[in-house]
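To start, the structure itself, in structure tokens.
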Amino acid sequence: MVKLLALIGILALTVAAATAEVRIKRQAEETTKKEESFEKELCKDKDAGEWFRLVAGEGDNCRDVIQCTSSGLQAIRCPAGLYFDIEKQTCDWKDAVKNCKFKNKERKVKPLLITDEPLCQDGFLACGDGNCIERGLFCNGEKDCSDGSDENSCDIENDPNRAPPCDESVCQLPDCFCSEDGTTIPGSLPAKDVPMMITITFDDAINNNNIDLYKEIFNGKRKNPNGCDIKATYFVSHKYTNYSAVQETHRKGHEIAVHSITHNDDERFWSNATVDDWAKEMAGMRIIIEKYANITDNSVVGVRAPYLRVGGNNQFTMMEEQAFLYDSTITAPLSNPPLWPYTMYFRMPHRCHGNLQSCPTRSHAVWEMVMNELDRREDPTNDEYLPGCAMVDSCSNILTGDQFYNFLNHNFDRHYDQNRAPLGLYFHAAWLKNNPEFLDAFLYWIDEVLANHNDVYFVTMTQVIQWIQNPRTTNEVKNFEPWREKCVVEGQPACWVPHSCKLTSKEVPGETINLQTCVRCPNNYPWMNDPTGDGFF
């Protein structure tokens, strides 16, 4: 009897254990199903590779993001001092991130451009809600669909009004230049007969912080093979610029171009600015330069956007309307051979390069002085691939004068030994001024290049376009008239002692700003709505 009871007890325990195991297994399966369901719900509307927040808010919530992957959810946390920018999809400085309260990127309704059956009559296309509007209204910068979808699929692949691929039978010099991959030499000249053009540019204000630096580089002793002084292009922003120095720089034959009035430090402003915003910033800057630097020859024809933030079709529409000749903002990814400048009538011959850039997609009557990225590897033949850099001072691995000298040489060789596309060296003056070792290496390199080559010219952006429009061999270019203008400049500055105007503006409240100019002082500090400074808005 005792044995029977013991056996019954063992059986009961075994059944209970089995029941518990089944229950645990069922609970685990239910938990897994819930997790899978939760994950499926979480990931259903996310793009591949998109990071998003589980919890919105400041502090650690703004550092933490997750991503849906084929092997489940993956989490990261930004380092201390950084927040995750949900629109840029990258960690950034806390102060720069304004979207901690959002969990996801903004979801945009897409238009119905490709459907099994046409939804609209000829010349019309369908919005995301099925309503039809004229084709030309898509991607024009204005939301014409009630759901705004006409402006939500506007990259170079999807804009229904995008520029066509290059057609060399239609696009012919001097007014148009394109090639399928951007590497073709204008005029089909053999590379050995093409003069190697180098464009040195400086961005931002010209003032007492950098005037001496510019005088040291362009001292009247450095000559191109045609006997003319070497030249540079200056993209000038307004605040703190000394316009008597701009006038003197222009008198000596350098090119003055525009870099905006405000130099607005919100990069998104430039990406999203309207045609009117761009006109006030850039055409307004040209008015200020022409008036206060007394430039009367219509030579201010170039544009570069602050922070190299391309303004899409709005920027280029403004440039057409305001008769600017060229832009030099778009960066081309590092490539061998490098790219030649091109006109924007046809599709760009390279991808839109850069984080969240807004490149133009439509056809525009503007030249693009494309910024070829520089190769920053110390030994390009052996070093593993590194991403390039557009501005010289953004090439963060240049730490010594010797490294800079080697960097200049191998990028020169990359252009010179291949298709002789112009080599752009783009600077902020402070980088050279604050690093005397870099300046010494740069001047030594310029002198060495000029001494060793009779086919290398340091020219302005506009001079490059003049050559492309009318290609000349290295033998012919010594007498190329557009390159002989202001060949060697003698004489005195326009004024030894400029007017020093202490000015205010309603548009810049609380500040008194010094404007130096050879012309009469204005009533107000020139700004966006009053570029002449007369006080008439």
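Glycine is treated like the rest: Cβ placed from N, Cα and C.
Taken from TrEMBL, the feature signal peptide applies to 1-20.
Here the domain 'Chitin-binding type-2' (40-102) has, by DSSP, the following mix of helix, strand and coil residues: 11 helix, 22 strand, 30 coil. Positions annotated as domain 'Chitin-binding type-2' by TrEMBL: 40-102.
Per TrEMBL, disulfide bond is recorded for Cys120-Cys132 (among others).
The disulfide bond annotation in TrEMBL covers Cys127-Cys145 (among others). Sequence-distant contacts of Cys145 (disulfide bond), defined by Cβ-Cβ distance under 8 angstroms and a gap of at least six in the same chain, are Pro111, Cys127, Gly128, Asp129, Asn131, Ile133.
Every protein chain considered, the tally of other Cβ atoms within 10 Å of the Cβ of Cys139 (disulfide bond) stands at 23. TrEMBL lists Cys139-Cys154 (among others) with the feature disulfide bond.
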How long is the line from the C-alpha of Cys120 (disulfide bond) to the C-alpha of Cys139 (disulfide bond), rounded to the nearest angstrom?
18
Under 8 Å between C-beta atoms and at least six apart in sequence, can you list the same-chain neighbours of Cys154 (disulfide bond), or say none if there are none?
Phe138, Cys139, Gly312, Thr361
Report the member of Cys127, Cys132 (the disulfide-bonded residues) whose C-beta atom has the most other C-beta atoms within 10 angstroms.
Cys127
Could you tell me the mean pLDDT the prediction assigns to the domain 'Chitin-binding type-2' (40-102)?
86
